[in-house]
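For reference, the structure is listed below as C-alpha cells.
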Amino acid sequence: MAKTYDYLFKLLLIGDSGVGKTCLLFRFSEDAFNTTFISTIGIDFKIRTIELDGKKIKLQIWDTAGQERFRTITTAYYRGAMGIMLVYDITNEKSFDNIKNWIRNIEEHASSDVERMILGNKCDMNDKRQVSKERGEKLAIDYGIKFLEASAKSSMNVEEAFFTLARDIMTKLNRKMNDSNSSGAGGPVKITENRSKKTSFFRCLLL
C-alpha cells in the first residue's frame, strides 16, 4: 500500500500534570475541547497530516503524563522525537518554574538536535495569570528556544505552534539533505520559507 504522506514527524508534549497538554492535542488533532480534566495515564498519541510547502507531513504527536510516577515511562519516548513542545500553564507559576527541569530531561534523554518550543497555555485566562508573557519570552531566549502563548480552549495559536515546530523540523531536514548532497548534482529540491518573517506569532489578548 502506497504511503499517503511524504514525511513522518514524531512530536512530544511534555510538562507538568494539568497544564493542558491533552487539551492542546485534542484541539489540534480534532478541533475539540473537553472541559473535564482527565489526567493522562502513561502516554497516548494522536495523528494529524498537514501540508507544508507542497509536502504532506504526518504528525505523530505523543501526549505524556506529567506525574513523577510516570517519568520512567515517558522518558523512553524522548528517543526518536524530532520535536518537543514544553507546556506550562500561565495561571500556575510552579508549572513554569518546572520547565527548566523538563529541559534538563530533554538534554538527558532526547536527541541533541531535537527541535524545541516553550508554550504557555491557557492564555484565555488572563485574569488569573501568574506568569507574564515577558518571563516566558526571557526563558525561551535564555535556552535558545522558540516561545508562544496559546489557548486550547479558544484555539488561539494552537495551529501556529504545531505548524511552526513542524516547519522548523522540515527546515532542519532539508538543510541536512542539502549538506549530504552538496557534492553531487541533482540534489533535493530546496524547501523555502513562504513567509518573509521567521515566525509570525500572535499576541494572546482577551477581546
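A Cβ is built for glycine as well, from the same backbone N, Cα and C atoms used for every other residue.
Remember, it's a predicted structure, so these values are computed and weren't measured experimentally.
Motif 'Switch 1' is the annotation Swiss-Prot gives to one range among 31-45, 106-120, 136-150, 151-165, and that range is 31-45. Checking the ranges 63-80, 189-206 against Swiss-Prot, the motif 'Switch 2' annotation falls on 63-80.
Mean per-residue pLDDT, taken over the motif 'Switch 2' (63-80), amounts to 71. Neighbour counts of Cβ atoms within 10 Å were compared across the recorded positions Ser17, Ser180; the minimum falls on Ser180. For the binding-site residues Lys21, Lys122, the largest tally of other C-beta atoms within 10 A is found at Lys21. The Cβ of Cys23 (GTP binding site) has Phe33, Asn34, Asn121, Ala152, Lys153 as same-chain neighbours under 8 Å, each 6 or more residues away in sequence.
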